[in-house]
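Lifted from Swiss-Prot, the feature list:
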- 16-107: repeat 'Solcar 1' (REPEAT)
- 120-205: repeat 'Solcar 2' (REPEAT)
- 211-299: repeat 'Solcar 3' (REPEAT)
- 16-32: transmembrane segment (TRANSMEM)
- 88-104: transmembrane segment (TRANSMEM)
- 117-141: transmembrane segment (TRANSMEM)
- 173-197: transmembrane segment (TRANSMEM)
- 218-234: transmembrane segment (TRANSMEM)
- 274-291: transmembrane segment (TRANSMEM)
Amino acid sequence: MSSKHREDHLKRGSDVSPYESLFAGSVSGGVARAITAPLDTIKIRLQLQTKSHKHPHTQKVSALNVVKDLLKNEGVIALWKGNVPAEILYVMYGAVQFTTYSALSKSLSQMEKDYSIVMPSSVHSLLAGVGAGIASTLTTYPFDLLRTRLVANKKKNLLSMTGTFRKILHAEGISGLFAGIRPAMISVASTTGLMFWSYELAREFSSEYKHVPFIEGICGFVAGATSKGITFPLDTLRKRCQIYSEVYGTKYKSSLRIFMNIVSREGVLGLYRGYGVSILKTAPTSAISLWTYEYVISATRHYRLSKPLV
């Protein structure tokens, strides 16, 4: 595809229809998940590990230890535990995220025009990204929780998504499907806002290299690493909230209490369990997702323009 078709479809003022955003976002989410699924499983397992200062002889948990233990006790297929709800999650999340971002970006641009407001591009991207993160979380959260519960299962026999869903409803009610949604909302909204903000900054700084292959992916990699690096503790808190009832046998109550429990028992570093794997997973995921989104829109437009009328 020639360079003239590779414009930034996420920048302020970009004319992308809701249908284009919906389709390209769905594809980008599905592709990103399919490629990075094993890293996501390892990251979640690390985040769900608990360790107390009162037991200093406890073996240090590393990504390598998690992989060895997982392969030994559960088999290779365990690297894809929770993949069905995760694929649904990523496809839906990508669709809602990019569609909402595009719509909010247009609304913000119109508001700036109507009220003669001059908003920095970085603030524009940040606000639209935060809104996109909130909308995506509200839409897909039950699938995120199901994915976490399935990955947390360390038995060799895989749990079914429907069985886990019924178990949550029976033991915790509808509210159980939204356990931990408040820290999740803060985590995802801030991560998404920072991702779009840093992506647009990276695109601006790399404008003279726009003909470099995969430049969108490179900027997406930077955006993913930046956003996750800042908000990772909130992601850990979200995961702990999601499995609270499974671990302690009681309904999830307070994210603040869980946060204080992590810090008191494991120290501040407990909030960063799985950080290295998370960056290794999130940065490529953002790179693939953003590049795929940009490419799908460019490719579909190029196809429509080159397709002869009948």
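In case you wondered, yes, glycine gets a Cβ from its N, Cα and C as well.
Computed from a predicted structure; not experimentally measured.
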Is it the case that the transmembrane segment (16-32) and the transmembrane segment (218-234) have 3 or more CB pairs under 8 Å, with pairs at least 6 apart in sequence?
no
Can you say which of 88-104, 173-197, 274-291 has the most Cβ pairs under 8 Å with the transmembrane segment (117-141)?
173-197
Using Cβ atoms and a strict cutoff of less than 8 Å, what residues sit near the transmembrane segment (88-104) while being 6 or more residues removed from its termini?
10, 14, 16, 18, 21-30, 32-33, 127-129, 131-133, 135-136, 139-140, 143-144, 147, 192, 196, 289, 293
DSSP-wise, what's the residue breakdown of the repeat 'Solcar 1' (16-107) into helix, strand and coil?
72 helix, 0 strand, 20 coil
Work out, from DSSP, the number of helix, strand and coil residues along the repeat 'Solcar 2' (120-205).
74 helix, 0 strand, 12 coil
